[in-house]
Number of protein chains: 2
Amino acid sequence: MAEQKIPQVTAKRLPLYYRYLEKLHAIGKQRVSSSDLSDALQIDPATIRRDFSYLGELGKKGYGYNVTYLLQFLRDFLKQDEVTNVVLIGVGNLGTALLRYNFYRSHNTKLVAGFDQDPRKVGTDIDGIPVYSMDRLKEVIALHHVEVAILTVPVNVAQATADFLFEAGIRGILNFTPARLTAPPTVRIHNIDLTIELQTLIYFLKNFPDDENVEVSDEKE
Amino acid sequence: MAEQKIPQVTAKRLPLYYRYLEKLHAIGKQRVSSSDLSDALQIDPATIRRDFSYLGELGKKGYGYNVTYLLQFLRDFLKQDEVTNVVLIGVGNLGTALLRYNFYRSHNTKLVAGFDQDPRKVGTDIDGIPVYSMDRLKEVIALHHVEVAILTVPVNVAQATADFLFEAGIRGILNFTPARLTAPPTVRIHNIDLTIELQTLIYFLKNFPDDENVEVSDEKE
């Protein structure tokens, strides 16, 4: 399979397609058109066709897509069969909620441990996921072959914690802190700043109140 | 001020610029260059200049930007002086964490109420924010002039809850459920699917392990 680089906005939609195709497959449906997918997922049909075009020749005009084939293709592409172990750093309110959230519907990611420096939390577990002290990080991530961490520490210790993670071998961080982290070039940081997500929604509501609902607004870029 | 439509990726960075400029202003700094901003925020200088170009003529080549002017400009642009009241629907683990999260550093958004159908939660408060039963939604949002809701209900009731919100007059939803909501065209939905965020990070790590760290990857589009 050619590993062509696809845009991040497309990459984000592939798991959506995958989940919906799983449902269609489960009820025995054999074909699906881009307009069926569009109705179910609230994504423009042209966007769907463009997304699929990055993946190669997947459908025939007027026929639609073969559900089983597309599902297998996406499974390989998304490497859904490989489980990725993930740790979470900072077991506060948001961290605890994310440990419980458990990234459901995702068969290919597993939260294996939480870390916190509060001795009252160390040794407990959140819905079966153990909480360790930070000084055991290297040992635990070596044991579980972890390269990805979710960061939910207070903002004032975010950079120091991230530096410690890089040092321990973490290569990807899902950063929920508002800090803009400095990282080695080989590390990938993905920021989710909840305040900014809320402000952006409000910004568009206030400034473009009569705009049509555009769900995947990055398309506008 | 011209209300030119700007890309969502730019809109998401404006609050970052604003926060950093507030800090510079507080320590008495009068000018800032795009490369200073770049270092502090880990955003490419060309991206910063392009973002600011959407806002009009804000700086002089070789001089940089006037901190006070830029701060005032962004404050007006982001309508930082107006407070937007927000409600949260579904006071489970994630909902509770978000009520406590309190969207700090944001002077212009205020979580005024949570809603849940569990009678054990109704009448309590989370860090001072009261939890109401769903049947009081219309009354509470009318009282506080609320048009924006954060949705953290279970996925199986997401669409029915959203329909109830539209009916009550909510015009913007920050949707944390994995449901792809069907909404009237005048309503804006902003999806944050945490599973997909994590999967996208892992996808890029697995497929492009040696890629340079690109923090704002939507730029690639």
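Using the three backbone atoms N, Cα and C, a Cβ is placed for every residue, glycine included.
Heads up, TrEMBL stuff is auto-annotated, nobody curated it.
According to TrEMBL, the feature DNA-binding region maps to A:16-55. Note on the DNA-binding region (A:16-55): mean pLDDT across this stretch is 87.
There are 24 other Cβ atoms within 10 Å of the Cβ belonging to A:G95 (NAD(+) binding site). Classification of A:G95 (NAD(+) binding site) by DSSP places it within a helix. The annotation NAD(+) binding site is assigned in TrEMBL to A:G90, A:V91, A:G92, A:N93, A:L94, A:G95.
Taken from TrEMBL, the feature domain 'CoA-binding' applies to A:79-180.
In this structure, A:G90 (NAD(+) binding site) belongs to neither helix nor strand by DSSP; it is coil. Note: A:V91 (NAD(+) binding site) has non-local neighbours A:L99, A:G114, A:F115, A:D116, A:D118, A:K121, A:I126, A:V131, A:T152, i.e. same-chain residues 6+ apart with C-beta under 8 A of its own C-beta. A count of other CB atoms within 10 A of each Cβ picks out A:G90 as the most crowded of the binding-site residues A:G90, A:G92. Of all Cβ atoms in the protein chains displayed, 24 besides its own lie within 10 Å of the Cβ of A:L94 (NAD(+) binding site).
In this view, A:N93 (NAD(+) binding site) is surrounded by 20 other Cβ atoms within 10 Å of its Cβ, with every protein chain counted.
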